[in-house]
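What Swiss-Prot says about this protein:
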- S99: active site, phosphoserine intermediate (ACT_SITE)
- S99, D242, D244, D246: Mg(2+) binding site (BINDING)
- S99: phosphoserine (MOD_RES)
Amino acid sequence: MKLFGTDGVRGKAGEFLDSFLAMRLAMAAGIYFKDKSITNNILVGKDTRRSGYMIENAIVSGLTSIGYNVIQIGPMPTPAIAFLTEDMRCDAGIMISASHNPYYDNGIKFFDAHGNKLSEDIEKKIEEIYFDDKLIQASKVDMEKIGQAKRIDDVIGRYIVSIKNSFPKDLTLKSLRVVLDVAHGAAYKVAPTVFKELGAEVIVMSDKPNGLNINENCGALHPANLAAEVKRLRADVGFAFDGDADRLVVVDEKGEVANGDSLLGVLALYLKEQGKLQSSVVATIMSNGALKEFLNKHGIELDTCNVGDKYVLEKLKANGGNFGGEQSGHIIFSDYAKTGDGLIAALQFSALMLSKKKSASSILGQVKPYPQLLTNLKIAEKKDLDKIKGLKELKKDLENKNINTLFRYSGTENLIRLLLEAKDIKLLEKEMKNVVEFFKKALNG
């Protein structure tokens, strides 16, 4: 049984991800980190899902039972956990979140002492420990050595300072009217505070979490309400975050939702113009062909990697780069953060608008993405794609029609993601129907 997916362990809370799994997984991770322990402290944060309380208590039980002390900081963005784990000199950090998923899902992500997401090799080692009954039992400590847990509520200030430090000192947001959609999620306190302290006129949406409304018709996956509000209020820009605030969607002053690759492109060029861009930009295999064209036109190389912001960061480290991201809105400025950070990306785009004295639409309009169609198809089983009869011929046929393809399984759900890209949208719509029918037969019998 495989526990880890694309971004940690994720599933339906109380079913796959129940208190037993959370406790045992925490013990397994704790056993792994014990060998490298310096402070014997592990940081635990969460988003605003109701199930977070259950999972947090289970994690604390697991860690303290093997002698670890736990620092609980409550609802905070995922990138805050990455930052605070290193800043507070903890052996590891744990974030309880299912990111953009509905409230009934939850997940567990791990960070090492430096705030980095774990490699697949380390995740595999933790999985092996998880299934080793003898090792789990042997790791339990005597009563006198059981760890302690304490809750700290004021660490939000540390993260706010670090975020504000990413914004140019010679600029102010005083001239900007900004609408923020915080998705009833982990950024509901942090995001408005940062923008207000930097001087912006701030209108906040979806900032009343009740444990069951995270990402519900709001945030990065549902930006329509934000778009309407930006237009109605004649705001300069709108920023939508997802439940754990590691991704960003931008809405321009006309109420148009920006393509994630357009955002990547203009931010990369902004870094280059400041002399801050190191090496090539990294995007994933799902990036739009227009992004590469735009970057190459401006003398910037583009490298690609697998889907997932941790793979973007790994590639950046290998290349000596400092900027990359995903079309979905995970954007990494590695000079400031170890993971995708929606707040940092929002501030950098604001700085770009202010320094250029241009509107959001005129800046984002520099990159004109090719039409793409993405279908998430629910499937019964995940067969090896290389062994599906007729798939090779299907891809060749699409290639002959100048259609780029990407077919990949979700790392966290029983889905296959079907992506087609071409200059002709009508052709895409026609061919997508054929592709969906092909995979329905191949994977659903």
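Cβ coordinates come from backbone N, Cα and C, glycine included.
These numbers come from a predicted model, not from an experiment.
Across the fold, the C-alpha of D242 (Mg(2+) binding site) and the C-alpha of the residue listed as 'active site, phosphoserine intermediate' stand 6 Å from each other. Reported as a whole number, the C-alpha separation between S99 (active site, phosphoserine intermediate) and D244 (Mg(2+) binding site) equals 5 Å. Taking the centroid of the Cβ atoms of S99, D242, D244, D246 as the Mg(2+) site, the other same-chain residues with Cβ within 8 Å of it are D47, P77, T78, S97, H100, G185, A186, A220, F241, G243, A245, R247, G342. Within 10 Å of the C-beta of D242 (Mg(2+) binding site) there are 35 other C-beta atoms, taking all protein chains into account. Residues near D244 (Mg(2+) binding site) in space but far in sequence (CB under 8 A, at least 6 apart, same chain), listed by position: D47, P77, T78, M95, S97, S99, G185, A186. In the structure shown, across all protein chains, D246 is the one of the recorded positions S99, D246 with the greatest number of other Cβ atoms within 10 Å.
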